[in-house]
Structures are given as C-alpha cells and as structure tokens.
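**Student:** Encoded as structure tokens, here's the structure I'll be asking about.
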Amino acid sequence: MAPTNAANDAAVSFSINSQPHKVLKRAAGDDVSGDDVTSTTTLAEYLRRHQQLPGTKTMCREGMCGACVVNVTSVNPATGQPESRAVNSCMVPLQACGDWSIQTVEGIGNRKDGYHPVQARLAHMNGTQCGYCSPGMVMSMYSLLQSKGQPTPEQVEQAMDGNLCRCTGYRPILDAFKTFTGETDDSTKKLVRDIEEAAGCHGNSGANCKGTCAGCPRARTALTPAGSTWRVPSSLPQALADLSGLSVGGKTIRLVAGNTSTGVLDKYEAPADGYVSLLKIPELREVFGAAVTLSQLITELEKLSGSAGYRHCAEMARHLRLVANTPVRNAATWAGNLMIKYKHRSFPSDVFLLLTAARATLKIAEGRKMEEISVEKLYEISMANKIIISMKLPALDDKYIFKSYKITPRAISAHAYVNAAFVVPCDSATGKVTERPTLLFGGISGQFVHAENTERFLTGRCLNEASTVSGALETLRGEVRPEPDPELADVSYRARLASHLLFKVMIHTLGDKVPAHLRSAGQDLTRDLMKGTQEFETDKTLWPVNQAIPKLEAEIQTSGEAEYLDDQHEAPGELHGYYVLATVGNAVISSIDASQALAMPGVQDFVTAKDVMGSNDNVLMGQFVTFFGALGLDGKMVPTDQLFADGRVRFCGQPIGLVVADNREVARRAAALVKVHYSQQERPVLTIKEALINQPEGRQQTKLCPANLKIGDADVALEQAPHRLSGEWEVGTQFHFTMEPQSVRVVPNEDGQLNVFSATQTIKDVVDAVSHAVNVPSNKINGQVRRIGGGYGGKITNSLPVASACAVAAVKLNRPVRVVLDIENMIDMCATRLPYLISYEAGYDDSGRLLALKMHLVMNLGHSNTLLGFIEAMDVIQRVKNLYHAEHWTVTPGTVTTNQCLYTACRAPGSVQAIAAIETVMNHIAHELRMDPWEVRKANFAVGNPKIPPTPQSEDANRVVSLMVSEMFEKADIMKRKADIDSFNKSNRWRKRALAMLPMNYHVAMMSKMVTLVSIYDKDGSVAVSHGGVEMGQGLNTKPNNTLVNPNGFVTGGSVGSEMCSLAVRQACDQLKERLKPFRAPEGEPERPWQQVVQMASMMGTNLTAHTLRPWSQGYSVWGLTAAEVELDVLTGEYRFNRVDVYEDAGQSLSPWIDVGQVEGAFTMGMGLFLTEQYRYDPETGRKLTNRAWNYYPPTHKDMPRDFRVKLLKNNKNDVGIFNSKATGEPAVCMSHACLLAIQQAVAEARRDAGLNDWVTINAPSTVEYTETACETKPEMLVLS
C-alpha cells in the first residue's frame, strides 16, 4: 500500500498474469525506502523481489542465458495492434513497461490449476534436468505460440536460440516444442494427447485482464521516489522537448527503447540523470522507424526482398538472425544498435555494416530541425539532444552482389571475431567490377571500416583473372591492421580472416565460373534442423524400475514452482552481501578504504579477514585430510585457502571483503566504491608453461601424489621400437557454468544456532567450513539443501567459502544474510576445471601397435597444492589406459602452482584429460603411418581383440565391446560414410569432412558414502525417504537433504549419487521388512493389507524408521563408443557436426530417459571443453577477460550435432550397481573428445591439400580461431584454379 502522503499519479501501470500493477510516485519530501522501485529496477527484480514471483530466474543479467524470459504483449503505437513477444526481463527497466501485459511462467499453469501444454510437454518429454533454465524455455516457446500461432520447426529452433541449458544437450527440449508445429506423426500426436491428459492441461485464451471488470482484484502498488526522472512521451515533439529539458545543466539522459546495451557494454554504468522512453511514439514504430526492433526489421526486410531492387534484403535478414538471440532481438532496436557503436567505436555492429553497405540514410531530429545523413556520417556528428527517427533503404540493381559474413566463436549469441559486408557491382558475363565496390569490415579496429585501397584496386578489374585476386588480397593485407586486444582473437587471425572473407565473396560472385572444387569457398556453412534418436531396451517385469518415465519433479520445474535457494522469501531484516575482489593477481595489499562504501545509504557493513571470529583459513573438503594422512602423506603439503585475502593476494579475483547492505543492488554499487591499494606487484604466473620455467620439478613425478602407472620397461622398448614419435598437447580449464549461481542464506537462530541454506553438492562440508569460520560447534549449525540448479563439481569446494563468508557477516550483524554471486564474480573468484599439459613419447610398429609409451601429465593446481589435485592425479593414472593393452608404459602425474584460483573437480575430473591424452597418441600414430585412426585403435585393444585371449574377468567386457563396435559399424553405416567423406574431400578444396571414432572404458569409483532415513507412517502406511544425496537433475529428490538426518554425509558427485542413495535406501528397506515380518500373515494365508501390517507393528512398539549408511564399495567399468562427423570451413575455421552417434553401456538403466539425458548433457559439456569454452587473461594482472555470458561460450543448441543419436547398450550385467544399473552422468564427457579428433583429422586433410603432411597439435579448446590457424592457409593458396 502507498503511504497517505504519496502522490496520486502513477509513474507506470501494467499487468502481470492479469493482475493490475501500478508504480506510484512518492509525494515530495516523502522518505525514500530501500524497497522503492528506482529508475534502474528491472522487470526481473520487480517480479522476484517485489512480487514474490520467483519462477522467472536470473543468472547472467545480460540477455544471454534466457533464464529470465517472460512474455510481453503491448500495443504498437503505429498500428494500434497488440504484439506479443519474448523478452529478457533482466534488461527491461520496470518503468518502461507502461501498459504492458506481462505473463510469467506462474501465470500460464501450475500444479493446482493444471499445466499449460508447453509446460507439460517439456516435462513429460524429458526436457528438464536441474530445472533452473526450464521456466525460461517454457516462456520462450509460449511466446512463440502467442505470436505465431502454429509455428514451423524452423521457427521453434529460432525462438530457442537465446536459451542456454547446461544439463540436457537441448535435443529433448527441441523435440518437445516441435510437437506444436503440426509436423508430427501419429505416434507423437498420441503421446501428446496422453501427456496433456495426464498433466491436466488447460487451454490458454490469451485474454488479459484490463483491471476494469467487476470483481477485478485491486491493483498492486509499488513506490518510486518523487524525483524519478522517467519520461514516456507519446509524440516526437514531446520526446524532443523532454530530451532538451532534462539535459539542462549537462545532465546525462538515456534514450530507452530496448535497453539491451545494459547487458553488453553498459552493464555497470552509473544511472543516468534522466530517461526518455521512445516506445510510445508512433513515428518511431512505423516501418524502418528507429524504435523498430531487430525482429521486426527482419520481418520487414523479408517482405521487401520480394520486390524488384530489394533482393539483397533477404541477405540482410539472414545476417540479422545471427545478431544476439531472439529475446534480445525482440527488444533491441536497429537504431539502438547503431548508438552502441556510436558510444563504443570498436563494437563490431552488424547493423552498422549492413545498413552502410545497403546505402541506407538516416533521418535525425533535433528540436524542430530534421536532417538526412548517411549511416557513416552519424559517427562524425554530435548526437546531443538528437533522436534518430527512421531510415531509408534505396533499391539496388541486380548487378550488385550483396553478401555479408559474421564469423563467431559459436553459432549464435556471440559477437564476431570479424564481420563483413560487401557490395560488388559485377558484370555477370565478364566478371568485371563495373564501379567501385563496397568492402566493409568490423572487428578490426574502432577506426577501420572501409577497405578503401582495395575498393579502388578492384574497380574496373575482372574478378576471374588471377592477378585481380592476388592483387586485391595483397592490397587488403596492406590496409587491414587489427588492434591488439587480449580479450579478442589474435591480430594475425583477424587480419587473415578479413582476407579470406574477401576471397570468399569473390568466389561467391563468380559462382560456377570457378572450378567445381573451389566453389565451396563461396558457400556459407549452414545448419539444418537438429534431430536425433534415442535407443534403449526396458524390462517390463521390473517396472517402474527400468521404465522410461518422467522424473517426479519435472512438472514443478517447468511451471516454476520448484524452489531454488534464491527463490526463498526474504526474512525480516535480511541483508545482502556482495564481494570485493582483488584486481591484481600477485601483490601485497597495502590498504583497504571502504569509507565511501560505508557512507552509502543502505550499507550496513564491510566484512574482511579481521572480522572472522573463527579461522580465516578455509579448509576445502576437510574430511579428505584424514584420508590423505592414512596414505602416509604429509598433510602440510596441502595448505589452507583463505576466506578473505590477508596480506598477499594470490590470484586476481581473490575475495578481499564482503559489502553487506539492505539489498543486492546497493551492495553491488557500494562494493565498487571500496578502494584497495597494492604494493610489491609482480607479473602473475598464469599458465603451466610459465610455471615450469621456475618449477622444473613439474616435469617429474609430483610429490603430492605418489601414484603412477609403470608396466614393463618403457625406455628399453622405446629404443627398440621401429618407429618413434613425441608430442605435447594442452587442454584448458572450464567454468562449470551452472545456471543457478552460487547462492547461500545464513539465518541466526535462537541459542546461537545458525540455519544455513546452501546451493551445494556437499552440505556436510558446508557445515564444517561454517563451523570453522565462525567458531560455532557443528551441532548448532543446521545445514539444508533442497535442490540445486546444476552442479558438475562446481558446487563442491566453491560453495564452502561463500557460505563461510556469509556466515561471518550474519553472526557479526546478528541478521539474516544472503549472498548470490553474479556471473562476473563467479568466474573471477570460483574454481574451475584443472588445466593440463601432456607430453608423450611413443614407440610403435607398422601395424600401429603401441610398443612403448612414456607420458607425463602436468596439472595446474592453482595457487597451492590441493587435496582435489591429489584425487584427480589418482583418477588420471587409473583411467589413462582406456581400453588399450599396455606392455611397456610409464605414465606419471606432475603438478605446478600458479597465480590462479585453486582449481577443482569438474564433470569427469582427470578422466576426460586422461582418455583424451591416450586418444591423441593414437591419432598421432595413425597420422604418421597414414592409417585409418580406427585401425590403430583396434590394433591396441585390450578387450574385443582376438589377438589377446580373454580372462574370466574380461569375458563380459569382450562381449560388450565387440557388440558395441559391430552395431556401430552396421547401424551408423561407418564404412560407407568414410568413403563418402573421402570423395567429398577430394572434390572440395575449402570444405573438409572427417569422421572420428573414440572407444571408452570409464572406471566408476564408488568413492562415496550415503546416509538414508526411511520412515513408515502408521496412519496410512505412507513412506518418507530422506537421504544424503543432492538433487541436481538426476531425479534424486525426495525430502530436503539436511545435516540432522545426514550429519556425516558425502559429496554428491562422480555420477554415483543416485546409486549410492538407492543402495542405502534398499538397505534401510531390508531392515524394515525384517522388522515387519512378525506382523505379516503366516505362510499359506492371504496377505494382510499393508496398512494393517504397519499399524499392528506400530502398536507393538516396532521402530518403523531405519537409518542406514552405505559405505564405499568396489567400482566397475562403463564402456562406450562414439562416432563424430564434422564439416570444416577451411577459410574461416567454422565447423558443423553433421552427425554424432554415442553408444554407452548403462547396465540395466534405472530410468532410461534420465540416463539418455545424462549422456546427451555430458557430451554437450565435453563439446564446450574441447571446442568453445576459452579463457582469456590480462597478462599483466591475471584478470579473466572472458568473465561473462557475453564472452564465455558454452554450446548453444545450434552448436550441437545436427543428427544426435544416443543408444544405451543392451542390458549388461553389473552386480555392483543397484538393479544392475550403471552411472551415466560423467562418462560421455570423455567421449566428446571424438569431436576434437574429428576436427584434427579435417584440418589434416586441409593441410595435405596445402602440401603440409606433418602432424599438427590442436589444443583444447579448438576454437574457430585456433582451428583456422592450424590449417595454415597461406595467401598464395587463394587462387582460382
């Protein structure tokens, strides 16, 4: 309710889920509250914090993840018609929502009223795992249905290009949503009917309450300060007057339409003094008006492309679909994009290039004056108090070839390495350039746009003459001088890419006038729709075990009802913490000045190392210390980490302090005001190779882990081998990129107790760490976790210091405190996957048989030794053999320390690097012998190899591997596809294909202990189960995991959480069954009803609760085989995976749909590791430059294989697993290395055409940049014959 002295005028009115809302201005002189809506409050913040609608999630706050998508319907002021669209609520200012009708995931369906068909189909078709991204997925699809009716499959995939998922691999999501297209078979239609009947689905009329009907609920209100300077003009003169009036005195004024630049380059810009919304001005929303969104512009260009003189508009529309993603394009305007470049000249604006190439002119207003200028002229004038009104596109004669390119690190939602737009006036008969062409480039520098010298050179020349091509390329190389920037691709790649794009457009222009084998240079690498198959067998006699059914939580995940930690309502007086991080990586802290931050209204405290009432030394995974000592190792080898840096800063991003304030935004702004001064600053050591300069012992067996693999005599065997080779290969780190951020709440309770709610994979370790930090006994700390939105190892050690710091603040202030990291802080401060440098020497014979191997794997531990480094070294040694026969092998682990965070476990830790290492050796041998790499692998098999007699222990393995290989070759048509690939490669100089196959033996270590509590209720015989596992997408949840039931539990990780919990539950059930035996009917009599048995037992004092612990047990092998087919554009480095087949031995699957999803998701995460997820650093400070969703690139659905086929092998015996099941969460990460091997083989084909036959190492990740670089295309190779 508004206070009595609030002004009556509403700053903005809108509806949410048909409920009217108003933001009222306070009266002058009314006190401002921390709960007020401000000029920068976003729609997402309003939904979550002010209206307790947490189904809309937040993660990146940049419009790049899709978790925050909602549906918006508003009236277009130019047409008077309502328009519906998906938008990223994290970037929409609440005060720009005037008269909008907003739908959130809660408003379209729920458990009580029935689910919307979109929610139900996504849930029942296994399209959700951790569930954090699911509401955003639902709202993107819902918005498509609202705007398009029945969409096409192409429109479905386009609509989902702004939604990231780290769990699923995307295929089931797209399959579920494509059922709305109408292009489905009868079996799918029946499935859909069954789903919607089971889910109680309802239709959705789409009608929105206007707040005027009888009985309409009273409008909900919020308040904004009286001085709020938002203007929402409805006419152009009014907008110009507002702009002029607000800017008096040099005040900063922001014109707002899409506001998407706040997620890109202006994310943390200080609030403006005033804001003018352009959304209600009819002139700006007409065709090609300045407030027309990119999505609307695409539609208009496609319409126009059918008119004479405007065929080029189709190419413009195609290119614009590569800009950002659908929800961003639904909000961003073309004029806004131009103004981003106006402010940030180095921004590689695709809109600028396209409009400049198309010779567009802009209409600009200032006061009563209007002027028309070229797009390029915009960047030569002042835009103070001016507004872009519209643009004009002239017609282009058909003699003009209009072609554009955008080369990016991933398929969508990525800014360009280099982009380009060309207009070539060419005589189709002679190939002569009849007038000066237009050659535009972005991504080179803030000043370079036109390749003017090259334009002049080409004028009047014939493109089909060799001298023209070589001369043009030479001229271009002379004028393209990319600016060096450690955040961007290497200058040599960008310069080379510019030349290659010019060559591509020349080939494109000449068309069939060039030889057939060169024409692929002029073709785009397009992507078909994604499809896939899933194959598995089930045993109906075991159902519901082994039955393909959705997990129990799926529907509440897709409806947004599943509660994640930051969805919990705030307690009275709850505060928010925001970290202050070190900005250099190797220095001493001289002083910390938090005075400005503490003076800021709403700031309560600044917590540093001196405030820690327990120990500032953070023991990561302390329960392993005992294990470490039991092996006879010195615990002093593993020093502690620090909650807050105290003295020397060990890495850039190390926590220095925590600002605690009334709300998150105040805490964030205050944190930026804390001044930290440093002395004795030195250049940080960042990489393994840098570390080895002063740590040569890293090349030797590490003292941290004495384990190694020594079989036979590798040195002697190397000397005697007919052939020898050596090599070195690197695989980098990987951010876990959990969709749910690191999150914790600590609530002080009576008697000095603490309630700790943590998004963690190991609640026991969180309690231990908090106890250590605040000096409170563990029995007074109540730890709890219901579910987490993704883990992959990222919420094991990383969750501990965050919880401890939060607890220190809560105890000091005696108030509840919440800490939710944003994406920058997560990437800057949190531990990631261990990087490796792997060196090897191999001896082999003519058949490819590996006779001797010496391999050393150096791990980058971060700034000190870690227990997890020890564990990972053990994993490496255990898994490096894969399924190969080892006669004379020596494999040793090494370690170095650097000025980096302490690295940690990440999905398949050590295993993926070990298997990739030996598979790299196999490919290297094959390359040197010019053999099919698969034949080399076969020659070295230890199982499935007729030359090696099976042992009793290997008989089952031989059967599984032999079956797997034979089925793959037959069903995947391997031999025919290899022949087709050979033919394709011979016919195409600039496009190459390859098919790589990777076998796998993944040893699952049952290194876990799980506690369970099973209780039978005597009223009705119902059963409750609580266990020590953490639900993160695998369908494990029953009751929240808490430290009363599970005080001494273990990490949920290593893919064994479900198995260990299930085994523990069965153990408890066996105990209960034994206790109930006396109350069951005697043998030969009819069985008594369950409820009667339970009540009889309870009356007689039988304990109906069983508390059990499942200890560590022996492990087992998971077998797998993958075939990956890639197609490579040699000139750009872009690639597309045409097809991937993954076979994995899941034993007798507990839940086939979940296991298929785990395989697909694990494989996808591995693709990120090996292909797209690259860290870039500032070499002087160690700062991570790729620390946002804007520049750190997990795969999107468009990066996935176009044909993705997964098969769970026929039921295979596994006496260790529950019901003969096997783990599926991690093994497929290892098999994704097949993608990198395929790229390496395709690069080798390109190099052979270039006369380069030597082996080339392609490190991971093999980004588009590094892949093109490995091809070593020289200027003299760019010819017409």
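Cβ coordinates are placed from backbone N, Cα and C, and glycine is handled just like the others.
In case it helps, TrEMBL gives these features for our protein:
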type     : residues                       : note
ACT_SITE : GLU1226                        : active site, proton acceptor
BINDING  : CYS60, CYS65, CYS68, CYS90     : [2Fe-2S] cluster 1 binding site
BINDING  : CYS130, CYS133, CYS165, CYS167 : [2Fe-2S] cluster 2 binding site
BINDING  : LYS406                         : FAD binding site
BINDING  : GLN761, ARG907, GLY1054        : Mo-molybdopterin binding site
DOMAIN   : 10-108                         : domain '2Fe-2S ferredoxin-type'
DOMAIN   : 223-398                        : domain 'FAD-binding PCMH-type'
**Student:** Cα-Cα, whole number of Å: CYS130 ([2Fe-2S] cluster 2 binding site) versus GLN761 (Mo-molybdopterin binding site)?
**Tutor:** 13
**Student:** Taking Cα-Cα distance, which of the recorded positions CYS133, CYS165, ARG907, GLY1054, GLU1226 are within 10 Å of CYS68 ([2Fe-2S] cluster 1 binding site)?
**Tutor:** CYS133
**Student:** If you count Cβ atoms within 10 Å of each one, which of the binding-site residues CYS60, CYS130, CYS167, GLN761 comes out on top?
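**Tutor:** Counting every other Cβ within 10 Å of each candidate, the maximum falls on CYS167.
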**Student:** Given the binding-site residues CYS60, CYS90, GLN761, ARG907, GLY1054, state which is nearest to CYS165 ([2Fe-2S] cluster 2 binding site) when distance is taken between Cα atoms.
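**Tutor:** Ranked by Cα distance from CYS165 ([2Fe-2S] cluster 2 binding site), first place goes to CYS60.
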**Student:** Measure from the CA atom of CYS133 ([2Fe-2S] cluster 2 binding site) to the CA atom of CYS90 ([2Fe-2S] cluster 1 binding site) and give the result in Å, rounded to a whole number.
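**Tutor:** Their Cα atoms are separated by 14 Å.
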**Student:** Only counting partners 6 or more residues apart, tell me which same-chain residues put their Cβ under 8 Å from the Cβ of GLU1226 (active site, proton acceptor).
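**Tutor:** Those within reach of GLU1226 (active site, proton acceptor), by Cβ under 8 Å and sequence separation of 6 or more, are ARG907, ALA908, SER911, TYR1002, GLY1054, SER1055, ALA1162.
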**Student:** Average pLDDT across the domain 'FAD-binding PCMH-type' (223-398)?
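**Tutor:** Taking every residue of the domain 'FAD-binding PCMH-type' (223-398) together, the mean pLDDT is 94.
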**Student:** Specify the nearest of the binding-site residues CYS133, CYS167, LYS406, GLN761 to CYS60 ([2Fe-2S] cluster 1 binding site), where nearness means the distance between Cα atoms.
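**Tutor:** Smallest Cα separation from CYS60 ([2Fe-2S] cluster 1 binding site) among CYS133, CYS167, LYS406, GLN761: CYS133.
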**Student:** Cβ distance under 8 Å to the residue listed as 'FAD binding site', same chain, sequence separation 6 or more: which residues?
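**Tutor:** The residue listed as 'FAD binding site' has long-range Cβ partners HIS319, LEU322, VAL323, ASP350, ALA416, ASN419.
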**Student:** In angstrom units, rounded to an integer, how far apart are the Cα atoms of GLN761 (Mo-molybdopterin binding site) and CYS167 ([2Fe-2S] cluster 2 binding site)?
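**Tutor:** That separation, Cα to Cα, works out to 16 Å.
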**Student:** With DSSP, how much of the domain '2Fe-2S ferredoxin-type' (10-108) is helix, how much strand and how much coil, in residues?
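**Tutor:** Its residues fall into 15 helix, 33 strand, 51 coil.
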**Student:** Among GLN761, ARG907, GLY1054, recorded Mo-molybdopterin binders, what is the largest CA to CA distance in Å?
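**Tutor:** Those residues reach a largest Cα separation of 13 Å.
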**Student:** Between the Cα atoms of CYS65 ([2Fe-2S] cluster 1 binding site) and CYS133 ([2Fe-2S] cluster 2 binding site), find the distance and write it as a whole number of Å.
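**Tutor:** Distance (Cα to Cα, whole Å): 8 Å.
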